[in-house]
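> Annotated [4Fe-4S] cluster 1 binding site per Swiss-Prot: 277, 280, 283, 381, in sequence order. If you look up Swiss-Prot, you'll see 287, 371, 374, 377 marked as [4Fe-4S] cluster 2 binding site, on the strength of sequence analysis. Positions annotated as domain '4Fe-4S ferredoxin-type 1' by Swiss-Prot, on the basis of sequence analysis: 268-298. The domain '4Fe-4S ferredoxin-type 2' annotation in Swiss-Prot covers 360-391. What Swiss-Prot records for 4-24, 71-91, 109-129, 146-166, 173-193, 199-219 is transmembrane segment, and it gives sequence analysis as the kind of evidence.
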């Protein structure tokens with residue numbers, strides 16, 4: 001037996017060492033691929049980053065947003081960590097028969113706990129198999145590769161239970177309460193005898209070891225690389241406000257292009273995202289573009305970028321992405337690596353001719369322009385991948401480097417550049433909306449200065465509030481409520497320009513920066529300390545992105561100011577409305593800035609209002625379809641996003657659909673018309689409803705919206 005044990009131990013060391021070598025090689029290879037990206041500075045905010053690890057890795061916070069899948073993953077995650085101690089115990093039993101993990105009197109409790117955890121993991125494997133292959137959850141991939149990890153995990157659990165059962169027979173330990181499942185197996189197979197039990201034990205032991213080491217090697221070259229890249233991605237995730245876009249330095253004369261025209265143009269942290277992807281499909285499941293039949297799928301976008309990085313990385317670094325190399329010699333990645341190293345077959349040399357373009361071959365322009373930048377994908381991602389900034393970088397390349405843009409979007413850009421608004425209307429008519437409210441005091445900054453008066457808030461009206469007839473009513477209602485509450489404010493009037501959100505989200509960073517600098521100059525010239533706006537897109541820009549260009553000041557959304565005025569009694573809702581209202585969360589107010597409660601607090605304060613929530617609300621609220629500059633583009637593929645969102649609102653039988661965004665309100669109003677429901681269901685901004693309750697203002701509930 002001693003000779004066998006020596007041979008067994010030597011073989012164990014050789015196989016384990018080879019597996020560890022392959023694992024390290026694969027991790028270093030992926031790291032080399034990631035390093036092809038653009039370097040970036042690390043802010044060293046370790047405390048916050050460790051907190052993110054605690055919450056999202058160990059706390060599984062994002063995974064538990066989907067309770068069913070989340071619970072399965074929690075069982076896998078903690079179960080797999082815990083059973084590693086059992087695996088060590090099992091390996092010791094094979095290397096030194098009769099020995100085990102030295103835990104003294106607590107060993108029986110340890111083995112009992114291990115068996116319970118092992119059993120729960122087997123249940124989780126069965127549940128996961130059911131969800132993927134029988135229930136056929138749409139967002140989950142099927143096929144052999146998708147189920148291979150279930151085979152690995154299930155095999156590991158079954159072999160350790162079988163091996164422990166045989167160990168009881170082999171060493172005549174007898175049945176034990178501390179190993180109930182192994183004891184059951186031992187009881188059923190008691191007829192095999194000691195020798196037979198020893199043989200079966202080592203068969204199970206080696207299968208277990210090979211499963212374990214194969215899984216170790218499989219992880220870095222599969223979607224399960226997220227076990228390594230996921231926690232790293234959470235740790236290195238940007239600590240800035242959600243969805244904040246990187247500033248382009250146009251003064252850098254070394255730059256030959258802007259945006260991402262090739263995979264190496266992405267930042268290293270963006271490339272880390274690609275290997276962190278779990279392929280869970282949660283992003284795609286929530287994407288408004290995917291849900292309405294567009295080509296864009298956030299998960300597929302990440303996976304195609306990942307595969308492209310792997311192949312490009314193999315060609316550049318000469319490091320084969322797949323091991324054992326002999327088994328994967330026919331894959332493009334290994335052929336590219338071999339050809340790059342000057343070795344390999346004719347097929348490997350021919351592989352060098354494969355040079356797909358990032359935009360066109362890997363990701364299509366149609367996909368790039370389908371994104372509404374709503375960030376529902378990012379909010380759902382358990383490893384904190386950022387999809388939107390990659391799409392914006394691709395847009396930046398198309399717009400700034402190649403001069404490509406959708407014709408409708410280009411018209412809006414030209415109009416903004418020439419007249420400061422997307423319609424190309426006269427910039428000198430920007431403040432004319434005040435004429436629609438002769439009973440309200442809506443002074444310009446210039447007028448306030450002329451009278452020697454000061455103002456607390458700069459009311460940023462925005463292009464919609466200034467020029468769009470429907471949105472002007474929102475601006476007027478807000479101004480009247482500020483007058484009623486005694487809040488001093490002023491507008492820039494004709495000095496106001498477009499905030500720059502549309503150009504920036506469409507990829508025209510140059511125009512955005514030009515607008516931002518001019519707006520900030522106007523703020524500074526007029527000593528602006530506080531800004532309030534009815535436009536969530538401008539709100540997000542001023543609050544989170546203008547500071548990169550030198551702006552310092554407080555920024556508020558109008559619902560935040562109104563909620564506070566209601567709370568402190570300066571605005572008293574008194575006229576009942578008797579309406580059933582559902583509230584639509586603007587993406588740039590909600591997911592980007594986590595402003596969910598103020599608009600709801602306002603609606604709840606209005607007498608007679610019954611607030612009902614849509615199935616998708618707050619963090620999971622669906623986009624109206626206007627974000628990302630798509631307000632100015634036609635949807636030519638699939639169903640209209642605004643109609644899909646309107647259908648979700650109509651499903652809860654409201655009499656009013658409310659929002660806190662003029663863009664959303666326009667899209668939802670068009671949606672009710674498309675569903676021929678505009679006579680039964682009206683669309684109003686929160687401020688209009690509050691104005692009716694506080695001032696008794698007649699909103700003409702039956703008028704055409």
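Any Cβ shown, glycine's included, is placed from N, Cα and C.
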> Between residue 377 ([4Fe-4S] cluster 2 binding site) and residue 280 ([4Fe-4S] cluster 1 binding site), how far is it from one CA atom to the other, in Å?
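Here the two Cα atoms are 11 Å apart.
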> How about the transmembrane segment (109-129) with the transmembrane segment (146-166) - do they touch, taking at least 3 C-beta pairs under 8 Å (6 or more apart in sequence) as contact?
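Touching, yes - the transmembrane segment (109-129) and the transmembrane segment (146-166) meet the threshold of 3 or more Cβ pairs under 8 Å.
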> Give me the CA-CA distance between residue 280 ([4Fe-4S] cluster 1 binding site) and residue 374 ([4Fe-4S] cluster 2 binding site), in Å, as a whole number.
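The separation of the Cα atoms works out to 19 Å.
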> Write out, in the order they occur in the sequence, the residues of the chain not among 287, 371, 374, 377 that have a C-beta within 8 Å of the mean position of the C-beta atoms of the recorded [4Fe-4S] cluster 2 site.
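Other same-chain residues with Cβ inside the cutoff are 283, 286, 288, 289, 290, 296, 298, 372, 373, 375, 376, 387, 388, 623.
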> Between the transmembrane segment (146-166) and the stretches 4-24, 173-193, 199-219, work out which stretch tops the count of Cβ pairs under 8 Å.
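Comparing 4-24, 173-193, 199-219 against the transmembrane segment (146-166), the winner is 199-219.
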> Could you give the number of helix, strand and coil residues in the domain '4Fe-4S ferredoxin-type 2' (360-391) as assigned by DSSP?
15 helix, 1 strand, 16 coil
> What is the set of residues, excluding 277, 280, 283, 381, whose C-beta falls within 8 angstroms of the centroid of the C-beta atoms at the [4Fe-4S] cluster 1 site?
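Going along the sequence, the neighbours come out as 278, 279, 281, 282, 284, 298, 299, 302, 377, 380, 382, 383, 385.
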> Which residues of the same chain, at least 6 past either end of the transmembrane segment (199-219), have a Cβ under 8 Å from a Cβ in it?
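For the transmembrane segment (199-219), the far contacts come to 8, 12, 15-16, 19-20, 22-23, 26, 87, 90-91, 93-94, 148-149, 152-153, 155-156, 159-160, 162-163, 166-167, 170, 189, 192, 225, 227-228, 323.
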> Tell me the Cβ contacts of residue 381 ([4Fe-4S] cluster 1 binding site) under 8 Å, same chain only and six or more apart in sequence, or just say none.
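Residue 381 ([4Fe-4S] cluster 1 binding site) has long-range Cβ partners 62, 282, 283, 387.
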> To the nearest Å, how far is the Cα of residue 371 ([4Fe-4S] cluster 2 binding site) from the Cα of residue 277 ([4Fe-4S] cluster 1 binding site)?
19
> Which has the fewest other CB atoms in a 10 Å radius around its CB: 280, 287, 371, the listed binding-site residues?
280
> Whole-number Å distance between the CA of residue 374 ([4Fe-4S] cluster 2 binding site) and the CA of residue 277 ([4Fe-4S] cluster 1 binding site)?
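So the Cα of residue 277 ([4Fe-4S] cluster 1 binding site) lies 19 Å away from that of residue 374 ([4Fe-4S] cluster 2 binding site).
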